[in-house]
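Asks: Take a look at this one; I'll ask things after.
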Amino acid sequence: MDSDFVPPSVSFQLPVIDFSDQNLKPGSSKWDEVKADVLKALEDYGCFEAFFDKLSVELNRSVFEAMEDLFELPIPTKQRNVSSKPFHGYLCHNLYESLGIDDANVLEKVNDFTQQLWPDHGNKSISETIHLFSEQLVELDLMVRRMIMESFGIENYIDEHLNSTYYLTRLMKYTSPPDDDDDDEETKLGLRSHTDKNIITILHQYQVDGLEVKTKDDKWIKVKPSQDSVLVMVGDSLCALLNGRLHSPYHRVIMTGKKTRYSTGLFSIPKTGVIIDSPEELVDKEHPRIFKPFEYTDFLHFFQTEAGRIAQSALHAFAAF
Ligand SMILES: O=C(O)CCC(=O)C(=O)O
Ligand SMILES: [Fe+2]
(Lines of atoms letter the chains of each structure in order from A and count residues from 1; the text may use other names and numbers.)
(Lines give C-alpha, C1' and ligand atoms only; values in the text may rest on other atoms or scores of the structure.)
(Ligands and ions follow the chains in the order given, each with its own letter.)
Protein backbone atom coordinates (compact mmCIF):
# COMPACT_ATOMS: atom_id res chain seq x y z
CA MET A 1 0.00 0.00 0.00
CA ASP A 2 1.26 3.51 -0.80
CA SER A 3 2.46 4.96 2.50
CA ASP A 4 0.46 8.12 1.68
CA PHE A 5 -2.66 6.19 2.51
CA VAL A 6 -1.82 4.48 5.79
CA PRO A 7 -4.45 5.94 8.13
CA PRO A 8 -3.20 8.35 10.78
CA SER A 9 -2.62 7.16 14.30
CA VAL A 10 -4.70 9.13 16.78
CA SER A 11 -3.07 7.92 19.97
CA PHE A 12 0.20 9.85 19.49
CA GLN A 13 0.87 13.48 20.15
CA LEU A 14 3.92 15.44 19.21
CA PRO A 15 5.92 17.02 22.06
CA VAL A 16 4.63 20.48 23.01
CA ILE A 17 7.28 23.01 24.11
CA ASP A 18 6.45 26.32 25.75
CA PHE A 19 8.19 29.37 24.23
CA SER A 20 6.03 31.96 25.94
CA ASP A 21 8.19 32.55 29.05
CA GLN A 22 9.39 36.17 29.24
CA ASN A 23 12.69 34.95 30.73
CA LEU A 24 13.53 32.78 27.78
CA LYS A 25 16.87 34.45 27.01
CA PRO A 26 20.13 32.74 25.95
CA GLY A 27 22.17 31.77 29.01
CA SER A 28 19.22 31.60 31.43
CA SER A 29 18.30 28.35 33.17
CA LYS A 30 14.88 28.43 31.45
CA TRP A 31 16.68 28.65 28.09
CA ASP A 32 18.76 25.56 28.85
CA GLU A 33 15.67 23.68 29.98
CA VAL A 34 13.75 24.49 26.79
CA LYS A 35 16.87 23.81 24.67
CA ALA A 36 17.12 20.27 26.09
CA ASP A 37 13.44 19.67 25.27
CA VAL A 38 13.93 21.02 21.73
CA LEU A 39 16.90 18.72 21.09
CA LYS A 40 15.06 15.66 22.42
CA ALA A 41 11.93 16.41 20.35
CA LEU A 42 13.91 17.06 17.16
CA GLU A 43 16.01 13.91 17.63
CA ASP A 44 12.87 11.85 18.14
CA TYR A 45 10.46 13.45 15.64
CA GLY A 46 12.29 16.11 13.60
CA CYS A 47 9.58 18.51 14.77
CA PHE A 48 7.54 19.70 17.76
CA GLU A 49 4.62 21.91 18.61
CA ALA A 50 5.66 25.27 20.02
CA PHE A 51 3.32 27.13 22.32
CA PHE A 52 3.95 30.75 21.38
CA ASP A 53 1.67 33.39 22.85
CA LYS A 54 2.96 36.20 20.59
CA LEU A 55 0.38 34.88 18.12
CA SER A 56 -2.53 36.73 19.70
CA VAL A 57 -6.17 35.99 18.92
CA GLU A 58 -6.41 39.33 17.05
CA LEU A 59 -3.31 38.63 14.96
CA ASN A 60 -4.60 35.17 14.04
CA ARG A 61 -7.93 36.64 13.03
CA SER A 62 -6.30 39.34 10.90
CA VAL A 63 -4.09 36.79 9.11
CA PHE A 64 -7.09 34.54 8.50
CA GLU A 65 -9.14 37.44 7.09
CA ALA A 66 -6.20 38.57 4.96
CA MET A 67 -5.97 35.07 3.46
CA GLU A 68 -9.71 35.03 2.71
CA ASP A 69 -9.39 38.37 0.87
CA LEU A 70 -6.25 37.36 -1.01
CA PHE A 71 -7.52 34.01 -2.23
CA GLU A 72 -10.82 35.56 -3.36
CA LEU A 73 -8.92 37.58 -5.97
CA PRO A 74 -9.29 36.33 -9.57
CA ILE A 75 -6.71 33.73 -10.62
CA PRO A 76 -5.00 36.03 -13.20
CA THR A 77 -4.47 38.56 -10.40
CA LYS A 78 -2.98 35.94 -8.05
CA GLN A 79 -0.75 34.79 -10.91
CA ARG A 80 0.98 38.16 -10.71
CA ASN A 81 2.64 36.77 -7.56
CA VAL A 82 5.68 35.47 -9.48
CA SER A 83 9.20 34.59 -8.43
CA SER A 84 12.39 33.59 -10.21
CA LYS A 85 12.86 30.88 -7.57
CA PRO A 86 11.10 27.52 -7.98
CA PHE A 87 8.05 27.11 -5.66
CA HIS A 88 8.18 30.72 -4.42
CA GLY A 89 5.31 32.41 -6.29
CA TYR A 90 1.61 31.57 -6.77
CA LEU A 91 0.97 27.82 -6.95
CA CYS A 92 -2.27 25.99 -7.66
CA HIS A 93 -2.93 22.26 -8.05
CA ASN A 94 -5.87 20.03 -7.11
CA LEU A 95 -7.13 21.14 -3.67
CA TYR A 96 -4.08 23.31 -2.98
CA GLU A 97 -3.45 26.97 -3.71
CA SER A 98 -0.76 29.21 -2.27
CA LEU A 99 0.89 32.62 -2.42
CA GLY A 100 4.52 33.26 -1.47
CA ILE A 101 6.20 36.38 -0.11
CA ASP A 102 10.00 36.53 0.01
CA ASP A 103 11.41 38.52 2.96
CA ALA A 104 7.94 39.04 4.47
CA ASN A 105 9.64 40.19 7.67
CA VAL A 106 10.65 43.34 5.73
CA LEU A 107 7.63 45.68 5.38
CA GLU A 108 8.66 47.12 1.98
CA LYS A 109 8.80 43.59 0.53
CA VAL A 110 5.26 42.84 1.72
CA ASN A 111 4.16 46.19 0.29
CA ASP A 112 5.68 45.13 -3.06
CA PHE A 113 3.62 41.93 -2.84
CA THR A 114 0.27 43.67 -2.18
CA GLN A 115 1.14 46.28 -4.82
CA GLN A 116 1.46 43.46 -7.38
CA LEU A 117 -2.07 42.34 -6.53
CA TRP A 118 -3.67 45.78 -6.06
CA PRO A 119 -1.59 47.97 -8.44
CA ASP A 120 -3.53 51.17 -7.57
CA HIS A 121 -2.50 51.52 -3.95
CA GLY A 122 -1.51 48.10 -2.56
CA ASN A 123 -3.24 47.00 0.62
CA LYS A 124 -1.77 48.64 3.70
CA SER A 125 -3.63 46.65 6.33
CA ILE A 126 -2.93 43.25 4.73
CA SER A 127 0.74 44.21 4.32
CA GLU A 128 1.02 45.19 7.97
CA THR A 129 -0.70 42.01 9.15
CA ILE A 130 1.54 39.69 7.11
CA HIS A 131 4.61 41.65 8.15
CA LEU A 132 3.81 41.54 11.87
CA PHE A 133 2.93 37.85 11.73
CA SER A 134 6.18 37.03 9.89
CA GLU A 135 8.23 39.11 12.33
CA GLN A 136 6.80 37.22 15.31
CA LEU A 137 7.53 33.84 13.78
CA VAL A 138 11.05 34.92 12.82
CA GLU A 139 11.71 35.43 16.55
CA LEU A 140 10.74 31.83 17.18
CA ASP A 141 12.83 30.57 14.25
CA LEU A 142 15.87 32.45 15.60
CA MET A 143 15.46 31.03 19.11
CA VAL A 144 15.12 27.48 17.82
CA ARG A 145 18.13 27.75 15.50
CA ARG A 146 20.28 29.25 18.28
CA MET A 147 19.26 26.40 20.60
CA ILE A 148 20.09 23.78 17.97
CA MET A 149 23.52 25.24 17.26
CA GLU A 150 24.34 25.49 20.96
CA SER A 151 23.20 21.89 21.47
CA PHE A 152 25.66 20.67 18.85
CA GLY A 153 28.55 22.87 20.06
CA ILE A 154 28.65 24.99 16.90
CA GLU A 155 27.48 28.28 18.41
CA ASN A 156 30.63 29.96 17.02
CA TYR A 157 28.93 29.80 13.63
CA ILE A 158 25.61 31.32 14.72
CA ASP A 159 26.09 34.80 13.24
CA GLU A 160 27.53 33.45 10.00
CA HIS A 161 24.67 30.94 9.78
CA LEU A 162 21.89 33.43 10.54
CA ASN A 163 23.32 35.87 7.98
CA SER A 164 23.31 33.12 5.36
CA THR A 165 19.51 32.71 5.31
CA TYR A 166 16.34 34.67 4.56
CA TYR A 167 12.62 34.03 5.07
CA LEU A 168 9.73 33.07 2.80
CA THR A 169 6.18 33.37 4.13
CA ARG A 170 3.66 31.17 2.35
CA LEU A 171 -0.13 31.52 2.65
CA MET A 172 -2.04 28.36 1.80
CA LYS A 173 -5.63 27.44 1.03
CA TYR A 174 -7.02 23.93 0.61
CA THR A 175 -10.55 23.35 -0.65
CA SER A 176 -12.53 20.41 0.71
CA PRO A 177 -12.51 17.25 -1.40
CA PRO A 178 -15.48 16.50 -3.67
CA ASP A 179 -17.81 14.33 -1.54
CA ASP A 180 -18.97 12.00 -4.32
CA ASP A 181 -15.46 10.49 -4.39
CA ASP A 182 -15.36 9.67 -0.70
CA ASP A 183 -13.50 6.38 -0.89
CA ASP A 184 -10.93 7.58 -3.40
CA GLU A 185 -8.04 8.54 -1.11
CA GLU A 186 -6.16 10.40 -3.83
CA THR A 187 -8.89 13.06 -3.97
CA LYS A 188 -8.34 13.90 -0.29
CA LEU A 189 -4.65 14.58 -0.70
CA GLY A 190 -4.09 18.29 -0.10
CA LEU A 191 -0.31 17.99 -0.21
CA ARG A 192 1.61 14.81 -0.95
CA SER A 193 4.03 13.35 1.59
CA HIS A 194 7.32 15.28 1.40
CA THR A 195 10.19 16.66 3.43
CA ASP A 196 10.88 20.39 3.35
CA LYS A 197 14.06 21.39 1.56
CA ASN A 198 14.95 24.49 3.59
CA ILE A 199 16.41 25.03 7.10
CA ILE A 200 13.44 25.36 9.50
CA THR A 201 9.72 25.50 8.70
CA ILE A 202 7.09 26.91 11.07
CA LEU A 203 3.52 25.90 10.16
CA HIS A 204 0.26 27.23 11.54
CA GLN A 205 -3.18 25.88 10.70
CA TYR A 206 -6.37 27.89 11.13
CA GLN A 207 -9.08 25.86 12.88
CA VAL A 208 -9.32 23.17 10.22
CA ASP A 209 -6.89 20.26 10.64
CA GLY A 210 -5.29 18.16 7.91
CA LEU A 211 -1.55 18.28 8.62
CA GLU A 212 0.05 14.93 9.47
CA VAL A 213 3.65 14.09 10.35
CA LYS A 214 5.33 10.70 9.92
CA THR A 215 7.25 9.17 12.82
CA LYS A 216 10.50 7.19 12.48
CA ASP A 217 8.45 3.99 12.75
CA ASP A 218 6.19 5.04 9.88
CA LYS A 219 3.11 6.13 11.83
CA TRP A 220 1.21 9.26 10.82
CA ILE A 221 0.46 11.71 13.63
CA LYS A 222 -2.33 14.23 13.11
CA VAL A 223 -1.34 17.77 14.14
CA LYS A 224 -4.24 19.47 15.91
CA PRO A 225 -4.88 23.11 15.09
CA SER A 226 -4.44 25.46 18.03
CA GLN A 227 -4.77 29.26 18.31
CA ASP A 228 -1.43 29.80 19.97
CA SER A 229 0.75 26.95 18.85
CA VAL A 230 2.69 26.23 15.69
CA LEU A 231 4.60 23.26 14.31
CA VAL A 232 8.38 23.74 14.11
CA MET A 233 10.06 21.34 11.70
CA VAL A 234 13.56 20.49 10.46
CA GLY A 235 14.21 20.80 6.72
CA ASP A 236 16.69 18.91 4.52
CA SER A 237 19.21 21.79 4.43
CA LEU A 238 19.45 21.80 8.23
CA CYS A 239 19.83 18.01 8.19
CA ALA A 240 22.75 18.43 5.76
CA LEU A 241 24.30 21.28 7.74
CA LEU A 242 24.24 19.10 10.88
CA ASN A 243 25.82 16.14 9.08
CA GLY A 244 22.60 14.16 9.52
CA ARG A 245 22.35 14.65 13.32
CA LEU A 246 18.67 15.69 12.92
CA HIS A 247 16.28 14.38 10.30
CA SER A 248 13.61 16.19 8.26
CA PRO A 249 10.28 14.41 8.82
CA TYR A 250 7.86 13.45 6.07
CA HIS A 251 4.57 15.30 6.33
CA ARG A 252 1.43 15.70 4.21
CA VAL A 253 -2.01 17.31 4.21
CA ILE A 254 -5.12 15.13 4.07
CA MET A 255 -8.43 16.96 3.62
CA THR A 256 -11.60 15.52 5.11
CA GLY A 257 -14.94 17.16 5.85
CA LYS A 258 -16.49 20.14 4.13
CA LYS A 259 -14.45 23.06 5.39
CA THR A 260 -11.88 25.07 3.48
CA ARG A 261 -8.53 24.92 5.25
CA TYR A 262 -6.10 27.82 5.58
CA SER A 263 -2.52 27.48 6.80
CA THR A 264 0.65 29.54 6.83
CA GLY A 265 4.32 28.63 6.68
CA LEU A 266 7.46 30.58 7.55
CA PHE A 267 10.48 29.02 5.87
CA SER A 268 14.09 29.92 6.68
CA ILE A 269 16.05 29.35 3.48
CA PRO A 270 19.76 29.50 2.53
CA LYS A 271 20.53 32.58 0.42
CA THR A 272 21.60 32.13 -3.20
CA GLY A 273 25.32 31.36 -3.42
CA VAL A 274 25.61 30.01 0.14
CA ILE A 275 27.26 26.59 0.29
CA ILE A 276 25.67 24.17 2.74
CA ASP A 277 28.38 22.12 4.43
CA SER A 278 28.72 20.76 7.97
CA PRO A 279 31.35 22.33 10.21
CA GLU A 280 34.40 20.21 11.16
CA GLU A 281 33.06 19.96 14.71
CA LEU A 282 30.31 17.62 13.50
CA VAL A 283 32.60 15.29 11.59
CA ASP A 284 34.65 12.53 13.25
CA LYS A 285 35.31 8.77 13.03
CA GLU A 286 31.86 7.91 14.32
CA HIS A 287 30.23 10.56 12.18
CA PRO A 288 31.90 10.58 8.74
CA ARG A 289 30.77 13.34 6.40
CA ILE A 290 27.49 12.21 4.81
CA PHE A 291 26.85 14.96 2.25
CA LYS A 292 28.87 16.79 -0.37
CA PRO A 293 28.73 20.58 -0.03
CA PHE A 294 25.89 22.01 -2.15
CA GLU A 295 24.01 25.13 -3.06
CA TYR A 296 20.33 25.29 -2.14
CA THR A 297 19.07 26.40 -5.56
CA ASP A 298 20.89 23.49 -7.24
CA PHE A 299 19.18 21.16 -4.76
CA LEU A 300 15.76 22.68 -5.57
CA HIS A 301 16.40 22.31 -9.29
CA PHE A 302 17.35 18.67 -8.75
CA PHE A 303 14.10 18.21 -6.79
CA GLN A 304 12.18 19.44 -9.85
CA THR A 305 13.67 16.71 -12.06
CA GLU A 306 12.15 13.25 -12.45
CA ALA A 307 15.04 11.70 -10.46
CA GLY A 308 14.47 14.19 -7.64
CA ARG A 309 10.74 13.64 -7.52
CA ILE A 310 10.86 9.86 -7.39
CA ALA A 311 13.78 9.57 -4.94
CA GLN A 312 12.90 8.23 -1.49
CA SER A 313 15.09 11.04 -0.15
CA ALA A 314 15.89 13.83 -2.61
CA LEU A 315 18.61 15.06 -0.24
CA HIS A 316 20.42 11.71 -0.22
CA ALA A 317 19.97 11.22 -3.97
CA PHE A 318 21.37 14.70 -4.62
CA ALA A 319 24.13 15.16 -2.07
CA ALA A 320 25.12 11.92 -0.29
CA PHE A 321 28.68 10.61 -0.91
O1 LIG B 1 -0.45 23.37 4.90
C2 LIG B 1 0.27 22.76 5.69
O3 LIG B 1 -0.03 22.63 6.88
C4 LIG B 1 1.55 22.11 5.22
C5 LIG B 1 2.32 22.89 4.20
C6 LIG B 1 3.64 22.28 3.86
O7 LIG B 1 3.98 21.21 4.27
C8 LIG B 1 4.59 23.02 2.99
O9 LIG B 1 4.23 24.09 2.46
O10 LIG B 1 5.73 22.55 2.79
FE1 LIG C 1 6.11 20.92 3.89
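Residue numbering: from 1, along the chain as shown.
Yeah, the Cβs are placed from backbone N, Cα and C, and that goes for glycine too.
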Asks: Pick the one from His121, His131, His251 that Swiss-Prot also lists for the Fe cation site with His194, Asp196.
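Replies: Among the candidates, Swiss-Prot records only His251 at this Fe cation site.
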Asks: Counting by DSSP, what is the helix, strand and coil composition of the domain 'Fe2OG dioxygenase' (165-270)?
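Replies: Going through the domain 'Fe2OG dioxygenase' (165-270) residue by residue, I get 13 helix, 50 strand, 43 coil.
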Asks: Any idea what the Cα distance is from Asp196 (Fe cation binding site) over to Arg261 (2-oxoglutarate binding site), rounded to a whole Å?
Replies: 20
Asks: When you measure from the Cβ of His194 (Fe cation binding site), which residues in the chain that are at least 6 apart have a Cβ under 8 Å away?
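Replies: In sequence order, the residues whose Cβ lies under 8 Å from that of His194 (Fe cation binding site) (at least 6 apart) are Tyr250, His251, Arg252.
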Asks: Restricting to the domain 'Fe2OG dioxygenase' (165-270), report the mean pLDDT as a whole number.
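Replies: Looking only at the domain 'Fe2OG dioxygenase' (165-270), pLDDT averages out to 94.
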Asks: For Arg261 (2-oxoglutarate binding site), which residues of its chain lie six or more apart in sequence with Cβ-Cβ distance below 8 Å?
Replies: Lys173, Tyr174, Ser176, Gly190, Gln205, Tyr206, Val208, Asp209, Gly210, Val253, Met255
